[in-house]
Amino acid sequence: MENQKQHLKRKAVFLDRDGVLNVERGDYTWRTQDFEVCAGVPQALALLKEMGYLLLVVTNQAGITKGLYTKADVLACHQKLQDACGQLLDDLYMAPGHPSVSESLSRKPNSLMLERAISKYNLDPAACWLVGDQPRDLQAAAKCGISGVLVGLHPVGTHVHQEKDLLAAAQWIAGQTK
(Lines of atoms letter the chains of each structure in order from A and count residues from 1; the text may use other names and numbers.)
(Lines give C-alpha, C1' and ligand atoms only; values in the text may rest on other atoms or scores of the structure.)
Protein backbone atom coordinates (compact mmCIF):
# COMPACT_ATOMS: atom_id res chain seq x y z
CA MET A 1 0.00 0.00 0.00
CA GLU A 2 2.81 2.44 0.93
CA ASN A 3 4.54 1.65 -2.36
CA GLN A 4 1.32 2.42 -4.25
CA LYS A 5 0.98 5.76 -2.46
CA GLN A 6 4.60 6.58 -3.32
CA HIS A 7 3.87 5.75 -6.97
CA LEU A 8 0.95 8.19 -7.00
CA LYS A 9 3.04 11.18 -5.91
CA ARG A 10 2.47 14.33 -7.94
CA LYS A 11 4.62 17.17 -9.20
CA ALA A 12 4.21 20.91 -8.81
CA VAL A 13 5.79 24.23 -9.59
CA PHE A 14 5.80 26.58 -6.62
CA LEU A 15 5.61 30.21 -7.67
CA ASP A 16 6.62 33.26 -5.70
CA ARG A 17 4.19 36.12 -6.38
CA ASP A 18 5.77 39.59 -6.39
CA GLY A 19 8.50 39.81 -9.04
CA VAL A 20 7.55 36.48 -10.64
CA LEU A 21 3.80 36.55 -11.33
CA ASN A 22 3.20 40.28 -10.94
CA VAL A 23 5.38 43.32 -11.42
CA GLU A 24 7.53 44.10 -8.37
CA ARG A 25 6.76 47.68 -7.40
CA GLY A 26 9.39 48.00 -4.68
CA ASP A 27 6.60 48.43 -2.15
CA TYR A 28 3.72 46.28 -1.01
CA THR A 29 1.20 45.43 -3.73
CA TRP A 30 -2.29 44.94 -2.33
CA ARG A 31 -4.58 47.19 -4.36
CA THR A 32 -5.96 45.49 -7.45
CA GLN A 33 -5.45 48.69 -9.46
CA ASP A 34 -1.69 48.43 -8.71
CA PHE A 35 -1.51 44.69 -9.42
CA GLU A 36 0.01 44.15 -12.88
CA VAL A 37 0.58 40.62 -14.20
CA CYS A 38 4.07 40.23 -15.67
CA ALA A 39 4.37 39.74 -19.43
CA GLY A 40 4.38 36.09 -20.47
CA VAL A 41 2.86 34.78 -17.24
CA PRO A 42 -0.36 33.37 -18.77
CA GLN A 43 1.69 31.53 -21.42
CA ALA A 44 4.17 30.24 -18.82
CA LEU A 45 1.41 28.90 -16.59
CA ALA A 46 -0.31 27.24 -19.56
CA LEU A 47 2.97 25.54 -20.55
CA LEU A 48 3.60 24.27 -17.03
CA LYS A 49 0.01 23.07 -16.71
CA GLU A 50 0.30 21.21 -20.05
CA MET A 51 3.31 19.39 -18.60
CA GLY A 52 1.14 18.15 -15.74
CA TYR A 53 2.39 20.40 -12.96
CA LEU A 54 0.20 21.67 -10.17
CA LEU A 55 0.72 25.43 -9.88
CA LEU A 56 1.03 26.66 -6.31
CA VAL A 57 1.64 30.26 -5.27
CA VAL A 58 3.78 30.74 -2.14
CA THR A 59 4.03 34.35 -1.06
CA ASN A 60 5.29 36.33 1.93
CA GLN A 61 2.70 39.00 2.77
CA ALA A 62 4.14 40.87 5.75
CA GLY A 63 1.89 43.86 5.10
CA ILE A 64 -0.97 41.92 6.70
CA THR A 65 0.82 41.67 10.05
CA LYS A 66 2.01 45.27 9.73
CA GLY A 67 -1.64 46.35 9.33
CA LEU A 68 -1.14 47.83 5.86
CA TYR A 69 -3.71 45.57 4.20
CA THR A 70 -5.82 42.49 4.82
CA LYS A 71 -5.93 38.88 3.68
CA ALA A 72 -9.00 39.87 1.63
CA ASP A 73 -6.83 42.36 -0.29
CA VAL A 74 -4.33 39.60 -1.12
CA LEU A 75 -7.18 37.31 -2.21
CA ALA A 76 -8.59 40.06 -4.47
CA CYS A 77 -5.20 40.40 -6.18
CA HIS A 78 -5.00 36.62 -6.50
CA GLN A 79 -8.41 36.58 -8.17
CA LYS A 80 -7.24 39.25 -10.62
CA LEU A 81 -4.24 37.04 -11.39
CA GLN A 82 -6.48 33.98 -11.82
CA ASP A 83 -8.77 35.92 -14.16
CA ALA A 84 -5.81 37.06 -16.28
CA CYS A 85 -4.40 33.52 -16.46
CA GLY A 86 -7.48 31.41 -17.11
CA GLN A 87 -7.85 30.08 -13.54
CA LEU A 88 -4.73 27.90 -13.96
CA LEU A 89 -3.38 28.33 -10.43
CA ASP A 90 -4.26 25.44 -8.13
CA ASP A 91 -3.69 27.00 -4.72
CA LEU A 92 -2.38 30.00 -2.82
CA TYR A 93 -0.27 29.86 0.32
CA MET A 94 0.54 33.11 2.08
CA ALA A 95 2.72 33.90 5.06
CA PRO A 96 1.49 37.07 6.76
CA GLY A 97 4.24 37.26 9.40
CA HIS A 98 7.21 39.62 9.55
CA PRO A 99 10.29 39.24 11.76
CA SER A 100 9.86 42.74 13.22
CA VAL A 101 6.35 41.84 14.44
CA SER A 102 6.16 38.06 14.86
CA GLU A 103 8.19 34.99 13.99
CA SER A 104 6.76 32.56 11.46
CA LEU A 105 7.90 29.20 10.13
CA SER A 106 5.75 29.86 7.06
CA ARG A 107 7.63 32.94 5.92
CA LYS A 108 10.34 32.20 3.36
CA PRO A 109 13.24 31.38 3.74
CA ASN A 110 11.46 28.95 6.07
CA SER A 111 9.63 26.14 4.35
CA LEU A 112 6.32 25.53 6.13
CA MET A 113 4.17 26.76 3.20
CA LEU A 114 5.92 24.28 0.92
CA GLU A 115 5.73 21.47 3.47
CA ARG A 116 1.98 21.97 3.84
CA ALA A 117 1.51 21.78 0.07
CA ILE A 118 3.73 18.69 -0.19
CA SER A 119 1.51 16.96 2.35
CA LYS A 120 -1.83 18.22 1.01
CA TYR A 121 -1.13 17.32 -2.62
CA ASN A 122 1.07 14.23 -2.04
CA LEU A 123 3.95 15.84 -3.91
CA ASP A 124 7.32 14.32 -4.72
CA PRO A 125 9.77 17.15 -3.90
CA ALA A 126 12.32 15.71 -6.34
CA ALA A 127 9.77 16.21 -9.15
CA CYS A 128 8.95 19.79 -8.12
CA TRP A 129 10.36 23.22 -8.89
CA LEU A 130 10.18 26.61 -7.24
CA VAL A 131 10.47 29.80 -9.28
CA GLY A 132 11.36 32.87 -7.24
CA ASP A 133 13.06 36.22 -7.54
CA GLN A 134 14.94 36.27 -4.23
CA PRO A 135 17.51 33.95 -2.65
CA ARG A 136 15.11 33.38 0.28
CA ASP A 137 12.68 31.68 -2.15
CA LEU A 138 15.31 29.18 -3.24
CA GLN A 139 16.44 28.66 0.37
CA ALA A 140 12.92 27.55 1.28
CA ALA A 141 12.87 25.18 -1.70
CA ALA A 142 16.24 23.68 -0.81
CA LYS A 143 15.04 22.88 2.72
CA CYS A 144 12.43 20.59 1.13
CA GLY A 145 14.63 19.07 -1.57
CA ILE A 146 12.97 21.12 -4.32
CA SER A 147 14.99 22.52 -7.23
CA GLY A 148 14.82 26.25 -7.76
CA VAL A 149 15.02 28.72 -10.61
CA LEU A 150 15.78 32.35 -9.88
CA VAL A 151 14.20 34.92 -12.20
CA GLY A 152 14.92 38.57 -12.81
CA LEU A 153 16.97 40.85 -15.01
CA HIS A 154 19.59 41.44 -12.33
CA PRO A 155 21.16 38.17 -11.15
CA VAL A 156 21.35 37.83 -7.38
CA GLY A 157 23.93 35.49 -5.90
CA THR A 158 25.22 32.30 -7.46
CA HIS A 159 22.26 30.01 -7.89
CA VAL A 160 22.04 26.84 -9.91
CA HIS A 161 19.87 28.36 -12.61
CA GLN A 162 18.68 31.86 -13.46
CA GLU A 163 16.31 33.08 -16.17
CA LYS A 164 15.01 36.53 -17.12
CA ASP A 165 11.34 35.83 -16.33
CA LEU A 166 8.75 33.14 -15.63
CA LEU A 167 8.18 32.31 -19.30
CA ALA A 168 11.90 31.67 -19.83
CA ALA A 169 11.98 29.63 -16.61
CA ALA A 170 8.97 27.55 -17.73
CA GLN A 171 10.60 26.89 -21.10
CA TRP A 172 13.80 25.85 -19.34
CA ILE A 173 11.88 23.56 -16.96
CA ALA A 174 10.17 22.02 -20.01
CA GLY A 175 13.60 21.05 -21.30
CA GLN A 176 14.59 19.29 -18.07
CA THR A 177 13.75 15.70 -17.22
CA LYS A 178 12.19 15.32 -13.79
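Every residue gets a Cβ built from N, Cα and C, even glycine.
Record check: TrEMBL places Asp16, Asp18 at the Mg(2+) site, and the matching candidate among Asp133, Asp165 is Asp133. When other Cβ atoms within 10 Å of the Cβ of Asp133 (Mg(2+) binding site) are tallied across all protein chains shown, the result is 22. Asp16 (active site, nucleophile) carries neither a helix nor a strand DSSP state and counts as coil.
Within its own chain, Asp18 (Mg(2+) binding site) has Glu24, Arg25, Thr29, Thr59, Asp133 as residues 6 or more apart in sequence whose C-beta sits under 8 angstroms from its own. Surrounding the centroid of the Cβ atoms of Asp16, Asp18, Asp133, where the record places Mg(2+), the chain contributes additional residues within 8 Å, namely Arg17, Gly19, Val20, Leu21, Glu24, Thr59, Gly132, Gln134, Asp137. Cα of Lys108 (site 'Stabilizes the phosphoryl group') to Cα of Asp16 (active site, nucleophile): a span of 10 Å.
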